[in-house]
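Feature annotations, reproduced from TrEMBL:
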type	residues	note
DOMAIN	115-184	domain 'PAS'
DOMAIN	189-241	domain 'PAC'
DOMAIN	272-406	domain 'GGDEF'
């Protein structure tokens with residue numbers, strides 16, 4: 001006759017608590033054991049039941065405070081009864097008892113292990129890199145994972161400044177540690193950056209530095225935790241690059257150009273002059289229709305390479321704005337004369353023919369340039385003004401360029417010239 005799980009748990013708890021030292025409440029223990037009765041019944045009722053439940057049940061007894069080995073013999077009748085009720089064969093019943101004893105023994109050993117020894121075991125076998133340092137950041141100890149992450153040996157790490165692994169200037173990081181950690185009993189700062197190992201390899205590491213005190217409160221330590229995030233950083237960097245660049249020409253895309261232009265506007269001070277140069281490839285549609293999109297795409301790549309060579313300042317940007325339209329953004333400081341020279345350079349870059357898949361192609365650019373105090377305009381206004389200049393150039397015919405300043409906008413400019 002099968003007895004209810006609650007009754008089995010109550011009998012099991014009664015046997016355990018009858019000789020427990022210190023005494024325990026049989027009802028409280030039974031409430032916990034009832035959950036294990038259910039788990040054991042489920043596992044033993046199925047050929048593919050949880051094979052770890054016996055060990056975990058044994059460990060649970062130690063957690064409940066029953067660390068005397070007699071707890072195993074007091075539990076065997078319950079385990080055998082559960083096996084019988086579940087229809088398990090004698091071999092499985094014996095296996096359950098053995099697993100229960102192993103789980104109990106392991107948990108009992110762990111519970112009796114000194115706290116310092118348990119910490120040492122955890123510290124040495126942790127998968128995350130951990131270093132312990134004094135309040136000045138000098139490394140006192142580090143685990144094998146930290147050695148692997150940094151490529152340094154423990155002997156070489158001890159006494160070394162943990163700030164050597166700082167992702168930015170040491171002085172800046174040390175100041176953060178002083179400001180955010182040293183003045184409080186607790187605290188945490190997070191950093192991320194690249195480190196170089198002794199073998200020359202590099203890794204991106206996410207660091208967490210925490211201040212803590214010893215159990216007695218007499219000693220203060222800094223704990224550093226490091227995680228290799230190279231793969232994540234690489235993937236993130238690639239995604240960010242893809243989001244801001246044209247996949248065909250590898251130039252900045254429309255979004256990137258607009259963002260950069262807005263940044264220049266936001267950072268501009270009174271009198272900062274910038275320029276926007278809008279460009280179209282003359283007769284590109286005809287080339288595309290005549291020779292096909294593959295040749296057209298190759299031409300765009302070749303044109304982009306020539307135009308890129310004309311932009312020699314890191315602060316300036318060349319972007320593919322869409323189709324066969326390119327835009328050069330010239331950051332402050334610039335002026336009409338400098339923009340004039342850049343436009344001439346862009347124009348001249350198209351002089352030689354292009355050899356695309358054994359097809360000799362000659363083409364030219366129409367260019368519209370607008371020079372103005374960049375902080376006085378919105379992004380859309382700057383782009384629209386450059387576009388107006390481009391249309392003015394196209395109205396003069398192919399292979400022309402027009403440059404206007406904010407003062408000359410809307411009037412014919414004496415710099416409107418065809419290429420000769």
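Quick reminder: no glycine exception, Cβ is built from N, Cα and C everywhere.
Broken down with DSSP, the domain 'GGDEF' (272-406) shows 57 helix, 42 strand, 36 coil. According to DSSP, the domain 'PAS' (115-184) comprises 39 helix, 11 strand, 20 coil. Residue counts for the domain 'PAC' (189-241) by DSSP state, with H, G and I taken as helix and E and B as strand, are 12 helix, 29 strand, 12 coil.
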